[in-house]
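One structure below.
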Number of protein chains: 2
Amino acid sequence: MENLMNSLSAKATIQNRSALAVDKPQVIRVAFFISDGTAITAETLGRSILSQFASVPFETRVIPYVDTIEMAQAAVEHINKAYQTTGILPLVFDTIVDPDIREIINSAQACNLDMYEGLIGRITDEIGVEPDAHSGHAHDDVDSETYKSRIDAVHFALDNDDGARTRHYDMADIILIGVSRSGKTPTSLYLALQFGIRAANYPLTEDDLFDNQLPKALQPHREKLFGLIIDTERLQKIRQERRAGSRYASFKQCEEEQRAIQAIYMTQNIPSLNVSEMSVEEIATRILQITGLKRRIG
Amino acid sequence: MENLMNSLSAKATIQNRSALAVDKPQVIRVAFFISDGTAITAETLGRSILSQFASVPFETRVIPYVDTIEMAQAAVEHINKAYQTTGILPLVFDTIVDPDIREIINSAQACNLDMYEGLIGRITDEIGVEPDAHSGHAHDDVDSETYKSRIDAVHFALDNDDGARTRHYDMADIILIGVSRSGKTPTSLYLALQFGIRAANYPLTEDDLFDNQLPKALQPHREKLFGLIIDTERLQKIRQERRAGSRYASFKQCEEEQRAIQAIYMTQNIPSLNVSEMSVEEIATRILQITGLKRRIG
């Protein structure tokens, strides 16, 4: 079964393995995300919608930069080939602005799911302004304050990662704290890339944790601190993958660190969040919600 | 004019200042992005659609985690207040799965733009499966290979940023090269966060550039190299913001480095991309397209 699926496609998205527990070979429907730009918008919304059908496996393919007649024709060939191979209509999620190119895509043998069509028409009716004919908004943040804020935030996150440097904390928007491997670094970078927020992060190590007070470097910036919490089981699993069998990865150690850090958050009155069940996107969004921190871009 | 707008909202998105060059004070329409999850999907598609109306200024507000009746009622109050303040119907972009919560949001005084509604219905008709009743897909990548790939890629990008370490290049999926401040670091991180790709990056400094050969650390990994190019004017502007008046930021220096690096790309047969007019998303997507590199997640 597994092999058959691999032979159909290495990229098949198996959303629920139990759905595959049937006797006859299953044909997997292909979903395309197509755009005249990066296709990130089409893919984001498309995947979100597909996730509403968790019992159905889909194979997904992204086709960005369909911005010429030739590219559109090539995309149609891909779609038709997917139909011929599987015998079931592919789903085509697209965000294409140019009507000529859109028409070509719509001619493919597929269930066409145009994401802009209905919405842009309704907005035009409401605001009384026709949409521009340009494609996408890929160039939006170039040469703008947005670009600068974002790049500056990324470099800030890098320079101030993992407690590497603490002397620029007065410039930080937020300082994430937590035990080793609680997700501070990816969260800092996501806050920078997505929201332009300057996030430093500082690991609380054993010395700090059992000292019953905040490390000196953090004390003057108490109002910027935000604590991450992670369930002991999950922390242990992550650390185990890193350093299997070590004391660092032992359940006892993980548990003690978690207890100690939560005591610090409580006694020092530091807002915190249990991130065990969250994706990086969700952690970042929740932090904005809890702290009221304003995004610098978007 | 500027002050009036600021008083209306600090977050007003001024997409085209010329649209504001009128005599009477202009009321800015509010656009909401609302979801039962992070609202990243609603915001991504919503902003992309709004960018099709570049002459119209919008004030945007994001309301994530509308997953209870109470949260929905609070959101409706926000929306209605925006209508009362501006006198024009707000646009409400939402991706809400629960029908009861959706009904409440739809009761607001607004132009409601439900992103899921039509598409999910059409998919149900096509595939013959009803959507699940769960909300969003925020937990998708937790405890999965996706989560691990992503975090590993982020740490790889960090550890191998800016030529800091070169001994793990055999594990890299790609090694970005370019002059200082050509966008290597944000691109590496974006490739990691968005696609789970292990991207190292290495700056070609003056010594490397005028040596007419690749640095030793890069030579065994030639097939993984990808070169970034940036226009001299833009490079100079970026460096100027960093170290104003320095030789590093002089037009002459920027121009010579650009010429030298493009000669290296050409003689060494390294694929490259001029990223001057591109956002980080676009650079990353183009690199995948040019190199054929496969994403590890998504």
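Glycine is no exception: its Cβ is also placed from the backbone N, Cα and C atoms.
What TrEMBL records for A:GLY178, A:VAL179, A:SER180, A:ARG181, A:SER182, A:GLY183, A:LYS184, A:THR185 is ADP binding site. Cβ neighbour count for A:GLY178 (ADP binding site) (all protein chains, 10 Å cutoff from its Cβ): 26.
Local packing around the Cβ, expressed as the count of other Cβ atoms within 10 angstroms, is greatest for A:LYS184 among the binding-site residues A:ARG181, A:LYS184.
Of the binding-site residues A:SER180, A:SER182, A:THR185, A:SER182 has the largest number of other Cβ atoms within 10 Å of its own Cβ. Within 8 A of the CB centroid of the ADP site residues A:GLY178, A:VAL179, A:SER180, A:ARG181, A:SER182, A:GLY183, A:LYS184, A:THR185, the other residues of that chain are A:ASN201, A:PRO203, A:LEU228, A:ILE230.
Those binding-site residues from the list A:SER180, A:ARG181, A:SER182, A:LYS184, A:THR185 that have a Cβ under 8 Å from chain B Cβ atoms: A:THR185. Within 10 Å of the C-beta of A:GLY183 (ADP binding site) we count 26 further C-beta atoms, all protein chains included. The secondary structure of A:LYS184 (ADP binding site), as reduced to three states from DSSP, is helical.
For the recorded site, A:GLY178 (ADP binding site), the DSSP three-state label reads strand.
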